[in-house]
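Some features that TrEMBL has for this protein:
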DOMAIN    36-140  domain 'BTB'
REGION    1-24  region 'Disordered'
REGION    467-504  region 'Disordered'
TRANSMEM  204-222  transmembrane segment
TRANSMEM  284-304  transmembrane segment
TRANSMEM  358-379  transmembrane segment
TRANSMEM  400-417  transmembrane segment
TRANSMEM  429-458  transmembrane segment
Amino acid sequence: MISSVCVSSYRGRKSGNKPPSKTCLKEEMAKGEDSGKITINVGGTRHETYKSTLRTLPGTRLAWLADPDTSSSSETDPQQNEFFFDRHPGIFSYVLNYYRTGKLHCPADICGPLFEEELAFWGIDETDVEPCCWMTYRQHRDAEEALDIFENVEPEDGDEEKDSTPELLCMEDRPDRSKSCWKRCQPRMWALFEDPYSSRAARLVAFASLFFILLSITTFCLETHEAFIVARNVTEVVTEGNVTEIIVVTELDTEPVLNYIEGACVFWFSLEFMVRIVCCPDKIVFVKNMLNIIDFVAILPFYLELALSGLSSKAARDALGFLRVVRFVRILRIFKLTRHFVGLRVLGHTLRASTNEFLLLIIFLALGVLIFATMIYYAERLGAETTDPSMTKKIHFKNIPIGFWWAVVTMTTLGYGDMYPQTWSGMLVGALCALAGVLTIAMPVPVIVNNFGMYYSLAMAKQKLPKKKKKHVPKPAQLDSPTTLRSEDISHRNSTQSDTYPLAAEEVTEKKRSVPMVRERSPQPVGGFQAAGVGGGGAGGLESVAMEVPGSSGGPRVATDPPRVVWIIGDSLIFWARRRALVRSSGVQMGLLRSATRVRWIGIRGLLWEEFKLTVLGALRHGEVPHVLVVHMGGNDLGVVPLCMLLEQMQEDLQQLRVWSPWTVVVWSEVMPRMVWEQAENEEAVQLGRIKLNRCMGRFVRRMEGVVVRHVPFEEEEAECYFMADGVHLTDVGKDLFILGLKEGIEQALFFLGGELSHKGVM
């Protein structure tokens, strides 16, 4: 069988555009038997191709299958003589076609994130997607990013709503009685005034706030109506030199009932503002919020006016008059409606997302106004009668600046009629100005409208999402399944846990080894760890595992001195540190004796702390219970989750893990600094939060008899040596120092357990 193109000469993504030559086809026929066929079973669908085809993209997972040393791979099925991967079969057809033709196309019926995840698994860069399919590939990610902009307006998950006690944000079903009353009430009060969807009581507070907002705006408008204006005479004593006289001044004031209503509204707004600022989890973020600034600015003039109303000095009266003039700031309270109406929030997001289009519109209008104002001025002078030298009696356009107003009104098709051309040349310019205005506005406006439609549809879709049930934990896979031998089987929304490149030969051998475990005790499962059936004597619990010793007879026996199991769980820093460890002389074991210690890396890019439990549960299905658990997480949560809530959740999860597995030594790896915090508006506040997080978690882990790893501090002037261009990930030098810190923490934990340390002289 002859391939349709000469894949052996492929050296780039665009080589598939060249038609195969006769020489190329002859070479393909000559080496057809030598290259050999290979069968790949993906999700039950078998694909056949040549090994030479897979070698066209070196460094990828399929290219690794073409190597002669992969017969012992965990994906190999010796009975069927094929490689099996439990992946999406439809997407694999496009991946395999990329090896054949050199062109990577994206299927239109596949969600973009799924296609991206499959590309990462097969080790293919997403930038290889053809330009014709790039928009199809990107539209799903754009929609996903836009959906993340909106606040979570869903009620808390649950089957029923509580009638008496509100089901509040960030609170446990059973509060910790060891905490103070203020610590227990603070999240409740914050959710009561901030999240109208958290409980029924919060909805009532939101309706009350909405009522007072509308009442305040109505009062502000009625104060200007003559029916609510009262004239009163005020007697003033005026002294000029030695002459003192009494004069009567008439002042206009509003009806007292409107003042009482405004006072009641301000009292509610003041109470709401004080409760929110006292109970908010992050004061800095609260102060920098624009809506909170508007609240304060709208409240302040009322109290200043109230304080100055009792003074009779002239300066106080002047200041009082100024405050009455600036009462218009109360109309800013209308922006508080954005907390209660999704459409207004959508409008705000649309305006921010369409900044470039607005700038383009302003530039177009400015150019048109300048051009047509100049043209109308000279056109009117050209067509006017020459009897008037100044030509200012019969024409409206006496100068070019006056023509700016006419050009703006004409280009926006308003046409007030206060200024209009009177000559035939001026009328011609006016017609051109109107046509240019229609075309100028028509170009960027559809983009803005499309943005609004997209954001609004996403907001409505997120509001109408059904309540999420409890997370489903699938049944543990069979131990003889090849998928259970890979740490990358824990799925993640942003990335696969596996490397996009094939594993080293020593890791493949390591995966096939049995994992001897010694049952020391059977604690009761706690919290979220009970969901997977771990703990106790059930399936997935801690049981003695028989290990067959090579060269022995009499069947399997229980190992008396099992190796210590070490887990390293973390985000992208752990993901890339493992890649770096693969090319180091010490390997993924970091120089630790393989007979005494087994190191397992679980690095997931974009990992958040809320996924810590599921990550641990997924790893426990492999039958391994760690003696040492290294945790490097929390960096992706800073700036997204309030610090107090993050600390509370982290300490709670680690405490549950400690109760469930008392013999596990927790090694806390401090959150590394970053040059750029993309998820935060205030990077300085996030840096301070990182320091506080490390300090609090360090004290907590030490109380748990754990180990704290403090990495080498990086100076700003040396950032280029340690950080990559994105300011987040580490260079090879930074990774080496990072791995060294992890190794020291593991060695200290193993010392507590009495385990052996690293090889002599191996780093």
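Each Cβ is built from the backbone N, Cα and C atoms, and glycine gets one as well.
Note that the coordinates shown come from a computational prediction; the quantities given were computed from them, not determined experimentally.
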Spatial neighbours of the transmembrane segment (204-222) far in sequence, C-beta under 8 Å, 6+ residues away: 192-193, 196, 228, 258, 261-262, 264-266, 268-269, 272, 327, 330-331, 333-334, 336-337, 339-340
Counts of helix, strand and coil residues, the domain 'BTB' (36-140), according to DSSP: 46 helix, 20 strand, 39 coil
Beyond the flanks of the transmembrane segment (429-458) by 6 or more, those residues with Cβ under 8 Å of it: 143, 146-147, 149-150, 342-343, 346-347, 349-350, 353-354, 357-358, 360-361, 364-365, 368, 372, 375-376, 379, 407, 410-413, 420-421
Tertiary contacts of the transmembrane segment (358-379), as residues 6+ beyond its ends and Cβ separation under 8 Å: 351, 397, 399-401, 403-404, 406-408, 410-411, 421, 423, 425-426, 428-430, 432-433, 436-437, 440-441, 443-445, 448
Chain residues in Cβ proximity to the transmembrane segment (400-417) (below 8 Å; excluding those fewer than six residues from its ends, i.e. six or more beyond): 365, 368-370, 372-374, 376-377, 430, 433-434, 436-438, 440-441
Averaged pLDDT, computed only over the residues in the domain 'BTB' (36-140): 81
